[in-house]
Amino acid sequence: MIEMKNNIVSFTNNTVTQERPVQLSVEHVNIFYGENHAVKDVTIPIHEKSITALIGPSGCGKSTFLRTINRMNDLIPSARCEGTINYKEVNILNPKVDVVQLRKEIGMVFQQPNPFPKSISENIQLPLRFAGVRSKKVLKQVTEDCLKQVGLWDEVKDRLDRSATSLSGGQQQRLCIARALALKPDVILLDEPTSALDPVSSAKIEELLLELKNSYTIIIVTHNMQQAARIADYTAFFYQGELVEFGTTKTLFTTPEKKSTADYISGRFG
Amino acid sequence: MNSKVTNRIALSVIVLCAAAMAAVLISMLGYILVKGLSSISWHFLTTSASPFMPGGGIKDQLWNSFYVLFITMLLTVPIGVCGGIYLAEYAKPGKITSFIRTCVEVLASLPSIVVGMFGMLLFVNYFGFKYSVLSGALALTVFNLPVIVRVTEDGFRALPRHQKEGGLALGMTHWHTIKTILLPAAFPSILTGIILSAGRVFGESAALLFTAGLSTPDLNFENWNPLAPDSPLNLFRSAETLSVHIWSVNTGGIMPDVDTIANGSAAVLVICVLIFNLFARMLGKIINQKFSGK
């Protein structure tokens, strides 16, 4: 069975030579929607400057968990959350935490590309200006740097004042990543960033993430196991709200400890 | 009967209904314009009404209509937009919010003559504003405010949720997200709603009968001091608007050319409302393009 799996997935970039330091330490996190216990007692270390993939079938709580890390679940009135997520020695689930500041340090990219219905440059500069950057020169420079970082600069440099909604889906998603990078976050959360995109655009995003992990901590939710295998250093398998297994991607995919993990990654369910 | 036949019948019924609706609208509009256009002239638009002699115009009434409309919008738009934003973005779902929403809906559907009587009791008598531009505008505010609230709330709710999440996830505060992302994105639909409601306010008569009054003092269009009694800008003078004028001329006019004046006024009113509508669409389109980049 394990040999078969190795044929399905190829490990191109799972070279975790040494354990990286832990950036986010998640301890006993429980998340509820009203009565519904959506995420159950999750404990997991998120290592710095690496990609951690959260996989599992639909409704397993992986997106809910991801949205808790930058407190986007605060928007849902019925959502409630227990436990601790330590980041820079602060429990970010503490209600007193300044979520605005938190979200500058822990950025997020969504499943559906969501550029603002404004010009391309404005999409990047708007959050920057709110963060206090006033100098036009700096704004221009950061716009260029971020667009270069996501490989969009050459495609859009002549039409920065055009509407961001005129870009293709893949370009829009890269713009959204660029926009998150502009704030110089430590962590980037991605919620199924390629599931609305065609394969070519998806491949570009994957390449980009592999480059970005040199400077950022990346957590990605994906329903695509091959994607997790291709890009992630660590993988966590969620099932019915529980964290079933967590480990380096290679271990999890080649020698899973739990039977349900093995079943899921070999395509028996999910 | 097979499904193809059903399909065809449904299509023809729908086309028939649409055609009937269009026919009624076009014939009504045509009738008003054909009857009225001949009485519209520069003279008609720029002469004050004369109570007894033929050849009177509608200058003051036309001005009053626009002035009352302007004051009404000045009162309703800021409050209404803020109220709509509150309901769409800040109000927590619950009994109080749904009660407020029900109130807004009831207020929007109040018969305008009831609003007029209420306005007379409260603004004209109790506050002592007399028959005036201000009383009229306040009465119109009562039923225009809920429309603006509704338009704003709907405009915000129609925006995709990920726009708001996008703003918040980039470390912007809720208010800043509303101000810089949601409001501009909702602006075209809010503006269209405002201009359409302006058309309704412009044509309103029942609510103004007892609040803005049935007469206009002799206006001096060279005196723009808002405190002078004969100034067009004076808020505390009575102001007969165009639609009230149509009503009063038709019911009690003793000038010999009553029909000409009524027809002409009706045509002017319809044309103005038509212009509002076309303007709303055009402006909505332009602003949408401007906000979203080229």
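Glycine too: its Cβ is placed from the backbone N, Cα and C atoms.
According to TrEMBL, the protein has these features:
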| type | residues | note |
| --- | --- | --- |
| DOMAIN | B:62-280 | domain 'ABC transmembrane type-1' |
| TRANSMEM | B:9-34 | transmembrane segment |
| TRANSMEM | B:66-87 | transmembrane segment |
| TRANSMEM | B:99-123 | transmembrane segment |
| TRANSMEM | B:129-149 | transmembrane segment |
| TRANSMEM | B:181-202 | transmembrane segment |
| TRANSMEM | B:261-280 | transmembrane segment |
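Only pairs six or more apart in sequence are counted, and the transmembrane segment (B:129-149) with the transmembrane segment (B:66-87) gives three or more Cβ pairs under 8 Å, enough to call it a contact. Counted as Cβ pairs under 8 Å, contacts with the transmembrane segment (B:9-34) are highest for B:261-280 among B:66-87, B:99-123, B:181-202, B:261-280. If one looks beyond the transmembrane segment (B:181-202) by at least 6 residues along the same chain, the residues whose Cβ comes under 8 Å of a Cβ in the stretch are 65-66, 68-69, 72-73, 77, 81, 84-85, 89, 140, 144, 147-148, 150-152, 154-156, 158-159, 163-164, 166-167, 172, 242-243, 269, 272-273, 276-277, 279-281, 283-285, 287-288, 291.
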